[in-house]
Amino acid sequence: MVNEKSVMAVIRATRPTFRNDNDKVAFAVHAIFLASGCVLTATGPPAFTDAAFSSPSKDEISIEGWNELEDEYAYVYANLEKDSNWKKVIVKCLVMNGKLLIDALTDENSEPLHLEIDVEEIVNPNGGSNYSTQYRNLDTLVKRLGLGILSKLGGSSKATTSNPARAESESSERSSVVVNKPTSGIPELPGPLLDPSGGGFSGDGSMLLGPNDPRWLGIGIGPGFEGGQPGVPPGARFDPYGPPGVPGFEPFRFVRNPGRPGGGTHPDLEHFGDGSDFI
């Protein structure tokens, strides 16, 4: 896995000579590719030729001549992983306006990957002679090169230690999933809802519901039931709620009068007179 420590180990083992800060960042780019498992097959002026990129050779070479040119660098790497979809990659670095412009192209891609690095952000101007102190944000370079180029080459699982961009994308996808759960344990009533602005006892627009009100039809209760009074569902009965054997609470006292012919006002509502909803 590529991280700051593994990259610094490559730099120390190679012991390169730097002419300037640009060399330090360009060589750190090379060290990151080596730490990811790539093999250097060409560098310096030979790496700019078509033959170096098209050659099937995977023989490893030394770093000699890597900074021979002024303000431009080139590396050709071979990929030794058998399950990889690319075999060669060429990496070119160009210094411009204080930045290192990095382009990488594999033998399987038609468009290069591009990345820009601010040299001053990576290099310590007062780093001394130790390699570890000559860099101040080497971890930033490792992460940016890993996410911007190595992870997109599609060939090495060692490219980066982690992928924050992918983790953030997955988190966003998980949070975007909508789970349809009921927000209340109260089931919806079948049929149309009762409208308080509808007709009352006589269709006059009141909020009270009479036994013949057509709105009873919406919830399955209405005059359409056979063998019963309007507004009374079949099988319904009235149970007396007085203590047994007490005078005045005999069951026959609670028997309703039969319905009047032709409909008329419900017995329970006769005391209202003309059907008005005012008490």
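Glycine residues also receive a Cβ, built from the backbone N, Cα and C atoms like all the rest.
Taken from TrEMBL, the feature domain 'PI31 proteasome regulator N-terminal' covers 15-155. Taken from TrEMBL, the feature region 'Disordered' covers 155-209, 256-279. The compositional bias 'Basic and acidic residues' annotation in TrEMBL covers 267-279.
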PLDDT averaged over the residues of the domain 'PI31 proteasome regulator N-terminal' (15-155):
93
Give me the DSSP three-state residue breakdown of the domain 'PI31 proteasome regulator N-terminal' (15-155), ordered helix, strand, coil.
47 helix, 37 strand, 57 coil
